[in-house]
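Per TrEMBL, active site is recorded for Glu106, His161. Residues or ranges marked as disulfide bond by TrEMBL: Cys200-Cys237. Sequence annotations record features per position, and here TrEMBL assigns domain 'Endonuclease/exonuclease/phosphatase' to 29-280. Residues annotated as signal peptide in TrEMBL: 1-25.
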Amino acid sequence: MAGRLGVPLKLLLLLLLLTLDSSQALRICSFNVLSFGEAKIGNSRAMDVIVKVISRCDIMLLMEIKDSQNIICPTLTKMLNGKSRKGTKDYNCIISNRLGRKAYKEQYAFLYRENVVSVKKSYHYHDAQDGDEDVFSREPFVVWFHSPKTAVRDFVIIPLHTTPETSVREIDELFDVYMDVKRRWKPENFIFMGDFNAGCSYVPKKSWKDIRLRMDPKFVWLIADNVDTTVKESTKCAYDRIVVQGQKINSSIVPDSAKTFDFRKAYRLTEEEALRISDHFPVEFELQPGESFTNFVRSFVPQKKRGRKKSQRG
Ligand SMILES: *[C@@H]1O[C@H](CO)[C@@H](O)[C@H](O)[C@H]1NC(C)=O
């Protein structure tokens, strides 16, 4: 009798522990939000979609931000956190300086879930190598994240939005940014992502040989050349990319998780409606969760299930 009662009780306890200690994959995304400034902030339909797109991600890189009034981060975090349970502040935001050679400026911003990741350090790449000065239109705003709940505990994200006509040189120069970050912080895991304009006429096939980040096999390109990251039906270009470097991060990517997010299809928008939000789809991938009680349990629960199925069939 006591034994029979004991089994459901143990199961109940197990379920309780599973809910308290749920570990999930970490989704990292990158999105060029076409000319994201005051006009778009005032467009509530566009903002609703943008907030929905961000809320799917644990870390979201936004590009093409034009925020001279410093309102993008406060507005987005307020909208994102307003959607979560009362009192919880899910999202935080870190934004770069206003970057650009002349009057035209853009910023990079990262929205990230504070209960899963934190920012360790950040800096603006100093684009002034001897004989190779000022390559980037918008120099990468490098951010080092700490991620205690994933298999890979920390990683650096190097964002880039290139000027289309100089994409080959800018993507190649990411190799120098990589060396600079390595010297500075000695991190082991890297993510390069953004709108590299790495397709169609801007990066023709014959130019890949001039791009170190592509020729060196230790850099792993997650979004392939035949992917379409553009919203327009008439174009098919792999402009937006994700590249990783580091044994640990490469081996902890969730299989088949690197892809575009077709927000047009997901939210049933017409091409015209979607283009009012952006001409790019976001790209994303996931990192596997780390060791936890849940994963410890998972490591033997599936075996039990398999056993049961077998005995049912037999
Ligand atoms: C990255 O991971 C993939 C899949 O596990 C593997 O095939 C590839 O060799 C790895 N590349 C590097 C550079 O570690």
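Just so you know, the numbers here start at 1 and follow the chain as drawn.
The backbone N, Cα and C atoms fix where each Cβ goes, and this holds for glycine too.
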For Cys237 (disulfide bond) and His161 (active site), determine the Cα separation and express it in whole Å.
15
Disulfide-bonded residues listed as Cys200, Cys237, least Cβ neighbours within 10 Å:
Cys200
Quick one: average pLDDT across the domain 'Endonuclease/exonuclease/phosphatase' (29-280), no decimals.
96
Alpha-carbon spacing, Glu106 (active site) to His161 (active site), which is rounded to whole Å:
9
When neighbour density is defined as the number of other C-beta atoms within 10 angstroms of a residue's C-beta, which of the active-site residues Glu106, His161 has the lowest density?
Glu106
Could you round the CA separation between His161 (active site) and Cys200 (disulfide bond) to a whole angstrom and send it over?
16
